[in-house]
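Some features that Swiss-Prot has for this protein:
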{"type": "BINDING", "residues": "Ala86, Arg87, Asn192, Ser215, Gly216, His217", "note": "pyridoxal 5'-phosphate binding site"}
{"type": "MOD_RES", "residues": "Lys218", "note": "N6-(pyridoxal phosphate)lysine"}
Amino acid sequence: MDINTDKYKNITRNLEREMINLNPIQRGGIIPTEAKKIIYEYWDGYSVCDYCSGRLDQIETPPINEFLEDMSKFLGMDITRPTHGARESKYAVMNSICKEGDYVVLDGNAHYTSYVALERAKLNYEKTEIEEYPTFRVIPESYAEKIDLLEDSKKNIGLILLTHVDGNYGNVADVEKVGKIAKSKGYPFLLNCAYSAGRMPIDGKKLNVDFIAASGHKSMAASGPCGLLSINKKYEDEVLETSKVNVVKELQMLGCTSRGIPILSLMASFEHLIERVKKWDLEVEKTRKVVNELEPLGFNQIGEKPRNHDIIRFETPILDKIAEKDKRRGFFFYEELKKRGIGGIRRGVTKEFKMSVYGLTNVQVDYVINSMKSIINELR
């Protein structure tokens, strides 16, 4: 067999160690230093299964069973299971409580994985309206309109799905309003918290939520792939139905899900999560400061204003203008940031970009702001 494996040796990554990373998809998944030591204990394949009696969520050593109970309290739900990510959590709900051909009513900012999950479950969808440019906010009342439309057309509705915070604009949807609509109409309500649970406080019961899909690697300071599905006890029998052949195994979990480093890193980071969501107001303040400081340069923040989440999307005509005369063209901004020890902005992008300063210190935030100011002022 002629295979050269040298390229797989000594693989390194210096973005997090040597640079300030502004990538929104990564800011919430950074593991705290004190939690990293657990990796050395559990990096072997089935290391969490030393004392397993048949199911991941029932393991007592390490205390996965207690952790999941505590996580339910943290999210304001009844029962929690580990998954491989928010997309798998959504699919587990759709595949268990909906019938083939049912409709999922979901928001216009829904993540692509919501569509992939419902397609895989052989479901249909009805998309609700969102505000036009530049806010793109979810319109809660549109849910009632779409539900009425489907009911009048004799279409079966299986699920109401809302993206709590979308990844495109970082808008925080009005969950309580949509939850009240779902409850009044009598439909189960799934909240996609991939960009919220673990970053900001969540209380599923207060929000009238039946299911929460969370992402460990995106927003809960965990190694990937790792997610959580939290449910109300009302849906326990449907979502957590067990196999007729292997009676201890839950069907939607395919027996066991995220095992090894992903689930253990999430457990080790739990104390960190509990403390950091208490400081959410400070994260919002930092984000608003970035917007207020950079907009006078010629950046235009799109999405709801003022910011209520750490994701920032800027239109940047000033960068596009500089790119026209700079010999590096669209790569100049990436390269100038890299010189200053800043990464996470896509290479070659000048018309618009997304960023986040979640978890950065005030000193780091000021450095990012001043670095972008210096780039614009030097090259404009």
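Every residue gets a Cβ built from N, Cα and C, even glycine.
The pyridoxal 5'-phosphate site is defined by Ala86, Arg87, Asn192, Ser215, Gly216, His217, and by the 8 Å test on Cβ atoms against their centroid, the other residues of the chain that qualify are Thr83, Gly85, Ser89, Ala194, Ala213, Ala214, Lys218, Ser219, Cys226, Gly227, Leu228. Sequence-distant neighbours of Ser215 (pyridoxal 5'-phosphate binding site) (same chain, 6+ apart, CB under 8 A from its CB) are Gly29, Gly85, Ala86, Cys193, Ala194, Tyr195, Ala197, Gly198, Cys226, Gly227.
Counting in whole angstrom, Arg87 (pyridoxal 5'-phosphate binding site) lies 12 from the residue listed as 'N6-(pyridoxal phosphate)lysine' by their C-alpha atoms. Once the Cα atoms of Ala86, Arg87, Asn192, Ser215, Gly216, His217, the listed binders of pyridoxal 5'-phosphate, are compared pairwise, the greatest separation found is 14 Å.
Taking all protein chains in view, 25 other C-beta atoms sit within 10 angstroms of the C-beta of His217 (pyridoxal 5'-phosphate binding site).
Over all protein chains present, the Cβ of Arg87 (pyridoxal 5'-phosphate binding site) has 22 other Cβ atoms lying within 10 Å. Of all the Cβ atoms in the protein chains shown, 32 others lie within 10 Å of the Cβ of Gly216 (pyridoxal 5'-phosphate binding site).
Cβ-based neighbour count (10 Å, all protein chains) for Ala86 (pyridoxal 5'-phosphate binding site) stands at 28.
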